[in-house]
Amino acid sequence: MIRPALRTDWTLEEARAIHALPFPELMHRAQTLHRAHFDPTAIETASLLSIKTGGCPEDCGYCSQSAHHDTGVKATKLMGTEEVLAAARRAKAAGAQRFCMGAAWRSPKDRDMDRLCDMVRGVADLGLETCMTLGMLSPGQVARLKAAGLDFYNHNIDTSPAYYARIASTRTMEDRLETVEQVRRGGIKVCCGGILGMGEAEEDRIALLVTLATLPAHPDSVPVNLWNEIEGVPVQGRAQAVDPFALVRIVALARILMPASVVRLSAGRTEMSDELQALCFLAGANSIFVGDQLLTTGNPAAWKDRDLLSRLGLHVAPARARPPVAAD
């Protein structure tokens, strides 16, 4: 199958028109492009661990880990390397191909970089792909993580540029985009997506994807999150459940605008029926988090995911070969 050239010049008008297509036509276009770039029966699996929880100085209105909100989440110190590696071994045994490590920071301190790099090297030595989400990074920190063997860096933009100011004030959309570009220029694969269900309009969801699809290069991985009900955060008062078909349309639009990117169903799968997840896979989603816990929210039990993939005739995608990491 011929793969159409990837575009980074999408317009909001084009995206609106695609999003509004009759459902069968939208699904057909998304599935056609999905098949051009991926095995449509293969699902990538990742596991996520909070290596430093709570006490974050940012005021993101959706987040239970912000120090600005009374959510009952207790701040912890950065975990030790051996504790992280033990969790990575469990994740691999449970079927994860990628191990993602998240810290609730505005940005990592230089004093923590040695330990973070040790974590990356240790996880890579287990044969897992490595991913981190640590907040904003300096060019020097990007270089150190790259040298340690970090495969992916997650830094979501959360929502549309127009709606962003209603979500956070301590970090701007421009800050987020600069971090994404910093990571890309440093040679680390970019994981960047957003969150649905925070009171945003349909237009904001479309604009979120257009923002990602018009970056200098598409993110390698695009996580699609549903906001989880969290007590004590500002978003709680205006959050609205996302219509199931609206979610599928967004997944399909992500696949069409960014056909070579992995599209991950991330937070919120506990609220999705098996039928909804199946439609999302048909629309082009091809990755999930496995394990009972994400950062501070739940996730479907491993047996449920195995059962769902089996019933759909899907399989876990084979792990990609990792390039050798140069010694320090």
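For all residues, glycine too, the Cβ spot is worked out from N, Cα and C.
For C56 ([4Fe-4S] cluster binding site), the count of additional Cβ atoms within 10 Å of its Cβ stands at 23 [all protein chains shown]. Among the features that Swiss-Prot reports, [4Fe-4S] cluster binding site is placed at C56, C60, C63.
Taking the Cβ of C131 ([2Fe-2S] cluster binding site) as reference, residues of its chain lying under 8 Å away and at least six apart in sequence are, in sequence order, A46, R98, F99, C100, M101, L150, D151, F152, Y153, N154, C191. Sequence annotations record features per position, and here Swiss-Prot assigns [2Fe-2S] cluster binding site to C100, C131, C191, R264 based on sequence analysis.
Annotation comment: Swiss-Prot describes 41-260 as domain 'Radical SAM core'.
A strand conformation is recorded for C100 ([2Fe-2S] cluster binding site) in the three-state DSSP classification. Cβ neighbours of C60 ([4Fe-4S] cluster binding site) (same chain, under 8 Å, six or more residues apart in sequence): S66, D158, I167, A168, T170, R171. Secondary structure at C131 ([2Fe-2S] cluster binding site), as computed by DSSP, is strand.
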